[in-house]
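Features reported for this protein in TrEMBL:
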type	residues	note
BINDING	273-280, 298-302, 323-326, 393-396, 422-424	GTP binding site
BINDING	Ser280, Thr300	Mg(2+) binding site
COMPBIAS	71-83	compositional bias 'Gly residues'
COMPBIAS	102-111	compositional bias 'Basic and acidic residues'
COMPBIAS	112-121	compositional bias 'Acidic residues'
COMPBIAS	186-198	compositional bias 'Basic residues'
DOMAIN	1-266	domain 'Obg'
DOMAIN	267-441	domain 'OBG-type G'
REGION	63-85	region 'Disordered'
REGION	101-132	region 'Disordered'
REGION	181-205	region 'Disordered'
REGION	233-252	region 'Disordered'
Amino acid sequence: MRFIDRVRIQVRAGDGGDGAVAWRREAHVPKGGPAGGDGGDGGDVVLVADAQLATLLDLKYRQHHHAPSGRPGGGAGKNGRGGETLEVHVPLGTAVYYEGEATGHGERPPWLDDETPDETPEGISVEPDGEGMDNVWIVDGEEVEAPGQAGEPAEAEADPERVELIELGAPAEVVAIGETISGGAQRRHMRRGTGRSRRREEPRSYERGDLICDLDADGERLTIARGGRGGRGNVHFRSSTNRAPDRAEAGTEGEGMWLRLELKLLADVGIVGYPNVGKSTLISAISRARPEIGAYPFTTLVPQLGVVSLPGDTYERTMVVADVPGLVDGASEGRGLGHEFLRHLERTRVLLHLLAPDPTPGRELLRDLDALEGELRRYGPMFEGRPRVVALNKIDTTEGQELIKATRRALRKRNIPLFPISAVTGEGTDALLEALWRRLQLADRARGT
Ligand SMILES: Nc1nc2c(ncn2[C@@H]2O[C@H](COP(=O)(O)OP(=O)(O)OP(=O)(O)O)[C@@H](O)[C@H]2O)c(=O)[nH]1
Ligand SMILES: [Mg+2]
């Protein structure tokens, strides 16, 4: 599993349904009054912060999020149904950035221009539900679908007894919401108003790269794209001078945009260690994560997340472990992958110091440990008091075996227990995981959760 802490998605709210032009036909009345109902409002797209989610992985495979449009108004004063709100769940701590206007099918997303092809999000793009304008025409008493459009009758709201036959036509000129109506001949097709400047609220304007919001609290909601407004039907346009208004409003377009979502690595346990000590090997041994493993330093260049399940029959015990790029001396000043690395560790709750015998002679494990601690301290105060667990890896090797005793003795002086493990054979890893789990429980209790 490759951990994704950045993903780009397109959100598009539903368009407002068009208002209808229709006439009432009552018994003994040749031409009744206007009876065209209103179009429904388009659905909003809402981002919801969800504590159940740990990664943005789901969104990686679902890039397009379109709320359904409102239905057009019908005859007999029937109003079109509104489009439902579309909720997009994101993990806690997700930062939402604006990446440009929504693009149509096959169009190049605006953010692609300055990205290398490698960074292009992959995944299946899901085609929108209810996109575009649905329209129902009623011709000579029979309901037919408008050309090229799927239709669904609007919900009945008027008294059906009084209405014998409905004729649904299109307005001569579709007026944008808020405009006054003037003359014109009836035409068959509606023109969609963009309505951009006539939303209920002023359209928000962002520059590319702007931070729109940080979603930090569980259940926090952000209406990121507002649905278009439904147009009013011709029932609204009857006046003393015009008893047969043949106009209605078009629905306005829903908002749409590209977003970049970023999540700082939210891992329970962060593995800290010099390059090549076996961090990636360990995470692939205890989880289903499959990071690259190499007999050379800096194999891992992007953080890897592994979800570790511990055995237990009463309740589920899962923790997220992060394998992050190797820490080097000077990381706190940004050397190596320094800041990047430390930024990812910031939100972890327990640190696992991984030590291993080094092929370089004369390197001392405890000096490594102190150096790592020093880098953490210099980066900032956030690691102070965070529980640590120290493990010695590669005990399946002779060098590893030889180091266990001396390291354990030295650590005992500091009151730190040592967990000797082999990420390759699995020896000692169960005990280590249990120890990490206990520290997490303590950390939770300390925070009162
Ligand atoms: N014998 C032995 N070799 C191990 C063990 N764990 C890891 N190794 C080897 O050590 C080398 C480095 O392992 P990685 O897991 O890539 O180390 P890393 O800490 O992720 O390294 P970077 O990503 O470069 O920071 C690889 O050749 C592994 O096969 C172990 O328990 N025993
Ligand atoms: Mg690695």
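Cβ atoms here come from the backbone N, Cα and C positions, even for glycine.
All annotation found in TrEMBL is predicted automatically rather than curated by experts.
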Of Gly273, Asn276, Lys279, Ser280, Ser422, binding-site residues neighbouring ligand 2, Cβ under 6 A: Lys279, Ser280
All-chain count of other Cβ atoms within 10 Å of Lys394 (GTP binding site): 24
Integer Å distance between the CA atoms belonging to Ser280 (Mg(2+) binding site) and Ser422 (GTP binding site): 12
Rounded distance in angstrom between the Cα atoms of Ser280 (Mg(2+) binding site) and Lys394 (GTP binding site): 13
Ser422 (GTP binding site) CB neighbourhood, other CB atoms within 10 A: 22
